[in-house]
Amino acid sequence: MERQNQSCVVEFILLGFSNYPELQGQLFVAFLVIYLVTLIGNAIIIVIVSLDQSLHVPMYLFLLNLSVVDLSFSAVIMPEMLVVLSTEKTTISFGGCFAQMYFILLFGGAECFLLGAMAYDRFAAICHPLNYQMIMNKGVFMKLIIFSWALGFMLGTVQTSWVSSFPFCGLNEINHISCETPAVLELACADTFLFEIYAFTGTFLIILVPFLLILLSYIRVLFAILKMPSTTGRQKAFSTCAAHLTSVTLFYGTASMTYLQPKSGYSPETKKVMSLSYSLLTPLLNLLIYSLRNSEMKRALMKLWRRRVVLHTI
C-alpha cells in the first residue's frame, strides 16, 4: 500500500504561515530565538545532571529525561518550520513527512506520561516525606521512565503505520507547520472513521488520564502546603505549583484539542497556534519552570561554571 501511496504522492508541501507573508520575517526571528534558547538550555540541563553526582536522584533524573524529550521534540519540528518561514514554498518527501510524524508522536507521547510521573514524584516527596525513599525507589523510577519511552515508541509506531497505509492521491498541500497526524489525515483518499475512533480513545488515555492524575496529585500537594507553618514557604510552594500547572495545562489542553478529533472544525490558523503552544512554548516553559527556577539546579550550574573557569586559568 505504501508503494502505491508514493506513486501517487511522492512529496508534500508544507504551507506554514504562507497566508501572512508580511509576518514571516518576524516570526522566523522570534521562533529561531526561542528554539535556540530551548536547545541550548536543555542541553545544559542534560550536561549538569549527568555530571553532578548529587543530582542523581529521581527528581533531577526526571528533569534530565524531560530535557531530552523537549530538546528532541523541538529539534523534530522547529528546523523544518524555520525552513517553511524562510521560503515561499517548501516540500518534504513522503518518507520524510512520516518520519517527522513518527518522532512527534514518540516524543509527545513520552512527555505526556513523563509529566504525570514527575507530578507523582512531587506528590510522594511532599505528602509522604518519611516514606518517599520507599515509594520512589530505583525500581519504581526505572519502571516509570521505561514506560514513558515505551508509550512514545508504541504510539509513534502504531499511529504512523496506520496513517501511512492510507492512499494519498489528491492534493499534497499540508496547511500546517509540520507533518502532524491531523493535518496529514485531511489529505487521505479513504474512509478514516475507524482511525478517528482509535485517535479519540488513544488521546483520552494518553493525554487526559495523565492530566487528571496530575491535577489530583497537585490538589493533594496544595492541601499539604496549606499545613506549612511558614508563610514564606507556603507562598513559594504555591508559586511553584501554579507555574507547573500552567505549563501542563497549556501542553495537555492544546494537545487534546488537536488530537481528540483529528478532523475537527477548528480553522487551519487555530490549529497552527495550538501546535505552536505544545511544540514551541511548552518546551521553553518547562525549561524555565522546572529547571532554571530550581535552586539546586542553579547551584550545580554555578559549580560547573566555576570548574570551567578554573580549568581555563590553569
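The chain as shown is numbered from 1 upward.
Cβ atoms are placed via backbone N, Cα and C, with glycine included.
It should be emphasised that the depicted structure is a prediction, and the values quoted were computed from it without experimental measurement.
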Membrane_side_equal(D52, K236) from Swiss-Prot: yes
Among C97, C189 [disulfide-bonded residues], residue with fewest other Cβ within 10 Å: C189
For the transmembrane segment (238-258), sequence-distant contacts whose Cβ falls under 8 Å of one of its Cβ atoms, 6 or more beyond its ends: 108, 111-112, 115, 119, 122, 180, 182, 203, 207-208, 210-211, 214-215, 218, 221-222, 225, 264, 266, 271, 274-275, 277-278, 281-282, 285-286, 289-290, 293
Helix-strand-coil residue split for the topological domain 'Cytoplasmic' (47-54), DSSP-based: 7 helix, 0 strand, 1 coil
Criterion met for the transmembrane segment (140-160) and the transmembrane segment (55-75) (at least three Cβ pairs under 8 Å): yes
Annotated stretches the transmembrane segment (55-75) and the transmembrane segment (198-217) touching (3 or more Cβ pairs under 8 Å): no
Segment-level pLDDT (mean, integer) for the topological domain 'Cytoplasmic' (47-54): 89
